[in-house]
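Participant: Supplied in structure tokens, the structure appears directly below.
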């Protein structure tokens, strides 16, 4: 997992890494933006746990330390059978460790992908547990704000567990008007009022997300599917969706009350639990999930490797990249203005491998003036071969993000060197090389640059 000898608080036991004398670290379960998750054994109790390892340097560099602190504070506040339990928090000079309940059935999202959609009685089982967890959070003044199938895990018995409170808010975060004002969430699941910048009720916003999850469980697709995020939110604000014909009458009556664009008239939890669909007795429970032993041979952990796919970018990170609040130029190939720093920010349907090939080609055609110093699914970094002027070598970073199926956003920015040289490089070399893969460029005969 880590360079144990160099990391304070870690040691060795029987060939495996031991964290602060308490947890014997096992295999890597998954990777995140700021670290990874390991299965581990609590040496005091013998139980298996999940240990989330967070690299402080990455968190600080991304300006996310407050989010990590908030996630820890919230998880200490909520203890519920359908919420992943936080056992312990530890820290060293360079890392934060969260010992969590080990939930081994995988994401609910994975089950939806495999099955296409879920039987109505199974969906009711999951949905009841979701609502129970969400209602408990609200009773403790906690609003999740990023509810989606990827943040819902299943245990071996098929029971649901809510995770990832990194975007959650506490009731005391509300302003004088009693509303929350932070833009956050995931495209397709965030309530339309969250984007209006006039404040929103965290509980009602969570219920909208629950409604989207219920729709996805029953229909096997999103109610507002659209690659263009702007169009997606317009559909959500109009309530522009259709319930599949195979849904029961009670389900077809419930979903519009959850996906009500008006938060004032949207159904509350108290009303929801009294609806016929919610109260109906399920015919059967979801079957248990057969899994391998929780703690397999604790192989020496490897250093974190970069994912082989672009990082997922949610709508609000996308807004933070855009100048102003208008996302449409990203999806329309609008080239008139360019970005203030002379760089590029554009959407494309080109796969990550194609974008990378174009960027590497720029360096190859430059006669050795630029070289590739980093290349992967998350982006490419080009650096000048010559020392450069007083500000050093020119360095250009192109980060690649996924915002929807088959849609990427590429953010090109200066990573070092002289600004005038950077602008010239973007204008004369980068932009012509990337022009025909910018969304909307193929249909527009005018030169296409970035937002």
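Placed from the backbone N, Cα and C atoms, the Cβ positions cover glycine too.
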Participant: Labelled region 'Activation loop' by Swiss-Prot, one stretch among 104-133, 134-163, 164-193. Can you tell me which?
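Facilitator: Range annotated as region 'Activation loop' by Swiss-Prot: 164-193.
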Participant: Among 52, 56, which residue shares the ATP site with 29, 30, 31, 32, 33, 34, 35, 36, 37 according to Swiss-Prot?
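Facilitator: For the ATP site that includes 29, 30, 31, 32, 33, 34, 35, 36, 37, Swiss-Prot also lists 52.
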Participant: Can you dig out which of the ranges 281-310, 311-340, 341-370 Swiss-Prot describes as region 'PPI'?
Facilitator: 341-370
Participant: With helix taken as DSSP H, G or I, strand as E or B and everything else coil, how many residues of the region 'PPI' (341-370) land in each class?
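Facilitator: Within the region 'PPI' (341-370) the tally stands at 14 helix, 6 strand, 10 coil.
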Participant: Test of understanding: give the count of other CB atoms lying within 10 angstroms of the CB of residue 37 (ATP binding site).
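Facilitator: Other Cβ atoms found within 10 Å: 18.
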Participant: What are the other residues, in sequence order, whose C-beta lies within 8 angstroms of the center of the C-beta atoms of 29, 30, 31, 32, 33, 34, 35, 36, 37, 52 at the ATP site?
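Facilitator: Filtered neighbour residues, in order: 53, 54.
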